[in-house]
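Here is the structure we will look at, set down as structure tokens.
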Amino acid sequence: MDVGIEGLTVTVAGARLVADLSVAAPAGTVVGLVGPNGSGKSTTLRSVYRALRPSAGRVLVDGDDLWRLTARDSARRVAALPQERHLEFDFTVAEVVAMGRSPHQGRLDRDSDTDREVCAAALRRVGADHLSARGFLTLSGGERQRVLIARALAQEPKVLVLDEPTNHLDIRHQLEILALVRATGVTALVALHDLNLAATACDVLYVLDDGGVVTSGSPCDVLTPDLLAAVFGVRAHVLEHPVTGAPQLVFSTALDPEGTL
Amino acid sequence: MATASGTVAPQSPQRRSPALLVVALALALPASMLCALALGAARVPFGDVLGYVGAGVSGGWIDAADLPDYQIVWQVRLPRVLLAAVVGAGLAAVGVASQALVRNALADPFVLGVSSGASVGATAVIVLGAFAAFGVYALSVAAFLGALGATALVYLAARTPQGLTPLRLVLTGTALAYGFSAITTVLVFLAPRGDAARSALFWLLGSLGGVTWPSVPLAAAAVVAGVGYLLLYARALNALAMGDETAAALGVEPAPLRRRLFVVSAAVTGCLVAVSGAVGFVGLMVPHLVRMVTGADHRRLLAVAPLAGAVLLVWVDLLARTLVAPQELPLGVLTAAIGVPVFVWLIRRRAYVFGGR
């Protein structure tokens, strides 16, 4: 489904975190948000999975304004992997994935056969069906992310929102998680720190800085030495990936503030 | 991805359904209550107990010679045993809710300042004779008002434009609890009579001594309504336990839910503290003990924990009035004496993971 963020402005406690920001994600694409720390990536994503109410602007999913839907209705369309990592109680993997069904269930409904099938399919999809009886807290970082993706898939969403899903993962798991997201075929909004990973995994990149969009387009068009110098303050050289042809970056030194290097 | 292997659709392995456990506890509860009605300073045969309860319920008649035993069972023990079950169930359920509400394994129903506020009210009655206008209910009324006052203060102090955040709630509740217990301590020290200090300490540790029928309906109604409410929100509690952002992404708005749970928990705990004092450890221990068996899913946890809490407190109260008869022990002393070793043993024995690891 098409996702459109239009003129998004988010103000928290007097601080304007994001101002008049717009993003368009056509159905089935993987759209990456990149930018320095504090550029507004997480804030933008939070307003899509309804953790942070925008002060102005709209988030449209197939034309419907998400913030005009009920929380439940919205959770049937948008599923998310927030950055939260702390968990106090040891739910099993099966229980964590089953939570993904809650927007589809009434208050007193028990898990139906459909619910169980959807959850089992979601776990198979991420290759984690063997973990189902394990405690979530006993899993490795890569396993946890897989299970959380399964929970998101159990919501049967039209849109996936992932905030730094590859943080703290080794390189193999980073690649696997992003491959998994692409394989779902669901429209995805992903915030990423690693620009090379973003260039490989995303169809479209939005570069954010200071709460607004600097530029957007295909990774080839966006990741240029000039842009990297201007937005990230680093000196970069763009190479071509020998297999995929995606742009890959090699960095020299951070620029000094005057940019005289 | 290696998903092609899935021609056999494996039943997702689940923890055993709690139905058996619920049935077992539902049978154990009346059996325990029967024991508690029969045993004590005066022993009443089990058959007679049933007869007296039947007579009391149906308004039937009994022999004049049975009157003393009837009065012991119907007037003295039954309200006390019922309240023990009600208080145990309530503390266990609110303990579960509190732990999810502040997302902290160390939380119990008193984490939000309820018991310390109630203590100030109760101590004021015991030591200073405040609220004399309420007669025999002065203690309950004062404790309830103290509990509500404390909770309101915690709520107002912890509130932010973004709502109630778990850490703020815990810190504010804990800080204010120190303040309230300082007031209680000062009151006890100022007590003109030595036995007043003793009564105050006894109340602070929880007791069902001297409860009468009029205390039962309100506390029972509060617990039934509270547990019912929590059961309705069991799935939402799961989402909340995963974190506020996750809850939002799952269609559960965390801020209003936390606010409502806070009010329900405070109201139920306030009613319980008003009739029984601050019985410690039940609201912390029972949720963890039950979680070891049922897992963390609140749908199971909330079905089992109230029953387990009820059975536990019926026995604890029986021990409290029989162990050193004719003296009575405070309930809090026994819940700790039984609970601490059991709890430590279970935590060491089982691979029970909580507190993040």
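Quick reminder: no glycine exception, Cβ is built from N, Cα and C everywhere.
The feature transmembrane segment is assigned by TrEMBL to B:20-42, B:81-102, B:109-131, B:137-157, B:169-191, B:211-232, B:261-289, B:301-320, B:329-347.
If you look at the transmembrane segment (B:301-320), the same-chain residues 6 or more away from its ends with a CB under 8 A from one of its CBs are 18, 21-22, 25-26, 28-29, 32-33, 35-36, 39-40, 80-81, 84-93, 95-96, 207-208, 223, 227, 230-231, 234, 237, 279, 282-283, 286-287, 289-291, 293-295, 328-331, 333-335, 338. Under 8 Å from some Cβ of the transmembrane segment (B:169-191) lie the Cβ atoms of residues 101-102, 104, 107, 110-113, 115-117, 119-120, 123-124, 127-128, 146, 150, 153-154, 157-158, 197, 200-201, 204, 262, all in the same chain and six or more residues away from its ends. Here the transmembrane segment (B:81-102) has long-range neighbours at 29, 33, 36-37, 108-109, 111-112, 166-167, 169-170, 208, 211, 215-216, 219-220, 222-223, 226-227, 230, 237, 240-241, 258, 261-262, 264-265, 268-269, 271-272, 275-276, 279, 282-284, 286-287, 290, 298, 301-302, 305-314, 316-317, meaning same-chain residues at least 6 beyond its ends whose C-beta is under 8 angstroms from one of its own. Residues of the same chain lying 6 or more positions beyond the ends of the transmembrane segment (B:261-289) and with a Cβ under 8 Å from any Cβ of it are 83, 86-88, 90-101, 105-110, 112, 114-115, 118-119, 122, 139-141, 143-144, 147-148, 151, 155, 164, 169, 202-208, 211, 215, 218-219, 222-223, 225-226, 229-230, 233, 237, 301, 305, 308-309, 312-313, 330-332, 335-336, 339-340, 342-343, 346-347, 352, 354.
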